[in-house]
Amino acid sequence: MASAAAAKANGNGNAHEADESDDDEDEKGATGEGATDGAAKKKRKRKRKPKKAGGAGANPTKQSDPPRVLLSNLFPNGEYPVGQEVDYKDENLYRTTDEEKRALDRMNNDFLQEYRQGAEIHRQVRQWAQKNIKPGQSLTEIAEGIEDGVRALTGHPGLEEGDNIKGGIAFPTGLNLDHIAAHYSPNAGNKTILSKDNVMKVDFGVHINGRIVDSAFTMSFDPMYDNLLEAVKQGTNTGIKEAGIDARMGEIGAAIQETMESYECEISGKTYPIKCIRNLNGHDIRQWQIHGGKSVPIVKSNDQTKMEEGEVFAIETFGSTGNGYVQDDYETSHYAKRADAAKVDLGIGSARKLLNVINKNFGTLPFCRRYLDRLGQEKYLLGLNSLVSHGIVEAYPPLVDKKGSYTAQFEHTIVLRPNVKEVISRGDDY
């Protein structure tokens with residue numbers, strides 16, 4: 001499908017017309033032959049022009065719709081778009097021109113290209129999603145559309161053993177409606193339909209060789225929610241601005257809170273203050289590990305932990321018209337093997353079998369029940385619950401504010417390079 005679209009895009013839809021024009025010329029040249037004896041005109045053998053380079057078999061030059069063209073084919077030199085580069089400030093301003101720091105940065109090129117490749121895949125898939133997600137679609141259809149795009153563009157379908165660990169989907173696609181803030185992905189049989197009154201957080205990740213790009217946005221279909229979305233978007237931008245080498249977590253949280261809580265939102269005639277969801281945080285990211293251990297609060301705190309050179313962070317903020325506090329609710333879909341999981345003698349055979357599947361297909365990357373279904377796993381819930389109860393796998397239930405409230409989220413991944421801060425997932429959209 002992609003190569004057919006590429007052929008059309010490269011201007012080869014006129015090849016058939018060219019062949020027909022050649023035949024017309026041949027017939028014109030043959031009109032006098034055999035005319036004296038009244039015999040039927042002798043048709044010459046059709047001549048075909050050689051196919052020009054750039055036909056159906058050539059590398060495509062632009063992304064398809066839906067996105068299915070392997071991203072590395074669009075960037076054959078292996079150099080991917082650079083994110084938004086922001087100079088450090090104050091006592092770290094020297095890093096911008098310091099030769100030692102610049103040389104150290106150049107040594108990180110492979111690491112950065114993996115991140116930039118993942119970020120460009122995220123941009124292309126999410127921009128397609130933003131144009132194509134509409135009320136009336138099921139959450140399953142939306143999630144699978146995003147996931148199919150990520151798998152195609154990374155070149156990792158994730159069906160062969162170990163393939164998803166090399167690259168592809170970094171964690172389950174979160175489609176969180178209204179008061180549900182995070183960790184909701186449809187399980188098999190889910191019939192939820194997106195409506196025009198919903199506020200939906202779309203949170204998905206891409207990884208190349210375990211370099212995880214974590215970015216999220218919020219969609220709504222009614223302008224009355226615009227202030228809620230704008231408050232959270234600006235809260236995230238404030239967090240990105242304040243983040244940097246030697247930045248203290250508590251001070252970043254204070255700046256985010258000041259920005260976000262300066263907004264209010266009128267919904268159905270009632271005005272609501274926008275509150276930061278105080279028990280949700282940003283976090284550092286390590287290779288194949290979405291939550292590395294450091295947290296980036298989104299409210300003021302006394303946390304004196306500093307960001308350090310070379311670290312990668314997901315700067316994400318959440319705002320709510322409700323309590324500004326979430327708790328577990330609904331059916332769990334998200335799971336991940338704990339990086340510090342101890343070896344345990346599992347008495348249940350299905351648990352041992354499932355752990356083997358998790359180790360070989362996800363490692364410490366989060367997964368959901370749909371992904372196990374896709375691998376052909378059946379009747380695994382007993383084994384999965386056993387792994388959770390033994391502390392080998394962590395369950396991440398949906399996180400919700402009070403019913404009737406609305407929540408929003410925006411998120412970007414930043415890399416604290418030695419000489420500059422790079423907002424790796426920044427795009428024209430947010």
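Using N, Cα and C of the backbone, Cβ positions are placed for all residues, glycine too.
Please treat TrEMBL annotations as automatic predictions, because they have not gone through curation.
Feature annotations, courtesy of TrEMBL:
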type	residues	note
COMPBIAS	1-15	compositional bias 'Low complexity'
REGION	1-68	region 'Disordered'
COMPBIAS	41-52	compositional bias 'Basic residues'
DOMAIN	114-324	domain 'Peptidase M24'
BINDING	H183, H291	substrate binding site
BINDING	D203, D214, E411	divalent metal cation 1 binding site
BINDING	D214, H283, E316, E411	divalent metal cation 2 binding site
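Where TrEMBL records a feature, it is marked here on the structure.
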residue : record                               : contacts (Cβ under 8 Å, 6+ apart)
H183    : substrate binding site               : G174, N176, S333, H334, Y396, P397, P398, L399
D203    : divalent metal cation 1 binding site : T173, G174, N176, A182, D214, S215, A216, Q409, E411
H283    : divalent metal cation 2 binding site : I290, H291, G292, K294, S295, V296, F313, A314, E316
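Taking the mean position of the Cβ atoms of D214, H283, E316, E411 as the divalent metal cation 2 site, the remaining residues of that chain whose Cβ falls within 8 Å of it are D203, S215, A216, G282, I285, F313, A314, I315, H412, T413. Confidence for the domain 'Peptidase M24' (114-324), expressed as mean pLDDT, is 98. All protein chains included, H291 (substrate binding site) registers 19 other Cβ atoms within 10 Å of its own Cβ. Same-chain residues that are not part of D203, D214, E411 yet have a Cβ within 8 Å of the Cβ center of the divalent metal cation 1 site turn out to be G174, F204, G205, S215, A216, A314, E316, Q409, T413.
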